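Written out below as structure tokens is the structure these notes cover.
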Amino acid sequence: MESLQDDSENDEQEQPLEIEPLRSLAPMIPTPLGYDVATQSTDPMLVIVAPFRPRTSPEQSPSSFGQSLPKSPNPLRATPISAAFPMPQCKDESSDEDYKPFCDQKKATSLKTAKRTQEAGYSDAANIKRRSTRRSLNLELTSCPSSSSNPNESVGEIMMMFDSLRRRILQLDEKVDASRRADLKAGSLMMQNGLRINNLKTMGPVPGVKVGDIFFFRIEMCIVGLHAPAMAGIDYIPAKNAGKDETLAVSIISSGGYENDDGDSDILVYTGQGGNSRHKEKHDQKLERGNLALMNSMKKKNVIRVVRSAQDPFYNSGKIYIYDGLYRIEGSWMDKAKNGFSVFKYQLKREPGQPDGISVWKMTEKWKENPATRDKAIVLDLSSKIENLPVCLVNDVDDEKGPSFFNYVTGVEYLRPLNKTKPLQSCKCPSVCLPGDPNCSCSQLNSGDLPYSSSGLLVKQIPMLYECSSRCQCSQNCRNRVTQKGVYLNFEVFWTGDRGWGVRSWDPIRAGTFICEYAGKVIDETNMKMDDEEDDFAFRTSWPSEKVSRWNLGAELLEDASASVTTESIKKLPIVISAKSSGNVARFFNHSCSPNLLWQPVQYDHGDNSYPHIMFFAMKHIPPMTELTYDYGIKGAPPGIKGKFPNASEIKPCLCGSTNCQGSF
């Protein structure tokens, strides 16, 4: 499949999908004065109503903001997503190749597909429902952190909502054999219902988007305001909105569609847009639109946001977009492309003093090829080849030599016999479990859905996840066998200094990715006494933090919240796992008040639901060399909840350093 061309000429051939916004899904709030990308973007797919804007002044308090919102307990009757958003077929859900949001393949859903849709229960009133009175959708939206007070949390909430919605749409569409471009469907729903932030085009940094942040779909960059066009590689402010008589560039994406030179981490030679469309005759590029904006920006010396791309190491046809920070254009010239036509070339230089971006990727790629090149490594494989990939032990802070001795294991050891009264589940699928198969017993155990996407990503957090067992007839290639296959990430255990040892990965990690199991010895006495050291390496089921409980929010836009993980379903698990003497990398996961991991109970090798495997999954996209953390939860339980947990009074100071740190846990 050919690579995507960052050619804004394609915009002229794409027509926006004419659908009505789901107006009762979210409040429509007037747009503040200023340039609005919702009306000025060259993006061919964004047919948008007034965008959502968090409160921007002290007068707009959360309480007064929420009181003006309409409420309705009735479910919203809406056209099925698969019918309202017809998309071209795509082989890989992670691929951004042939990015055609709404091409000439727009066709009505066939009667056969519509029939399958109704049989699967993905139709009319059932497909999008208003949330309950206790957790109404409008109240959920207004409780999103304000970008004016905490931009990082705002961007995180929006990104988490988008990917949750995308994964759930993909899961539902697979059951009726619908299109696989769930990212475009999720993006359209969010855009049309105002679920976006930073919707005013500005130069320089975008609040809440950090250098090194990663994106797996272009639409993700649209909804957080990093780069507005869904196809064009150059984003710019038109002259009529710039306040002057000239257009100015605000951001560019270097994604391989043109002959760019991006081998240097600080210098980028970028090819202008135009003349290379696959749908028109090729021709010389013209000094107009994005090219003119870049030329003007060179003269004005204004900074430009640069997004670079890299090959997704886990999907051959996938790209990952890395925000590499601010650049300035140092020069421009005309050159001949390989096709013989003239193109504009722009040389950009990275502004000094910024955090590392693409340079981190180049560094970790070298380590993955040869772990011995990792500087300050103490042990090249802490697991002694037990894991599928080596676990490096590193200290680049001081003279600490390593953690106290423990036996590295990849699973759990049960110190007491399990309850054998409940039989192990099994399915009779001849090859692999298929979405929407009513005869798959494993699917029925998971409320009628396969819990993982075709790429092996967790769709949403559920009270108990059932993978296929050794008694199932399906093969080892079945998508419902994820955690039991072990870890396929390049971990390093590193010395943090004040917080002891921590864990990070050399790989980019996508939201929903399986990280690892919490390995150790399973203890069934939740009120047992532990010494401080053993307690530091123990896992207990805990009161879920607000952020973890909101991980399903995007999926819940499509259905009732009844399937969500609740406190009642979690706190009844008596399982305690001690990793003091035996464990894996999970024993080094530190606490954070803004975690990037969540834990999920999983069953696949026994039938006692009181003692499931505790598996960790990524809550959001995690760039390489970012510490992996989860919310320990139990010792920081709310005042009214502490009495329900025996050790809730043993509060420790929190050193996570996040913007919303609670100070203790």
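The backbone N, Cα and C atoms fix where each Cβ goes, and this holds for glycine too.
Just so you know, TrEMBL annotations are computer predictions that nobody has curated.
The region 'Disordered' annotation in TrEMBL covers 1-28 (among others).
Per TrEMBL, compositional bias 'Acidic residues' is recorded for 1-17.
Marked as region 'Disordered' by TrEMBL: 51-98 (among others).
The annotation compositional bias 'Polar residues' is assigned in TrEMBL to 57-71.
Annotation source TrEMBL lists domain 'YDG' at 204-350.
What TrEMBL records for 425-486 is domain 'Pre-SET'.
Here TrEMBL flags 489-633 as domain 'SET'.
Regional average pLDDT for the domain 'Post-SET' (650-663) in the model is 70. Taken from TrEMBL, the feature domain 'Post-SET' covers 650-663.
Secondary structure of the domain 'SET' (489-633) per DSSP (helix as H, G, I; strand as E, B; remaining residues coil): 25 helix, 46 strand, 74 coil. As a summary of secondary structure, the domain 'Pre-SET' (425-486) carries 8 helix, 4 strand, 50 coil according to DSSP.
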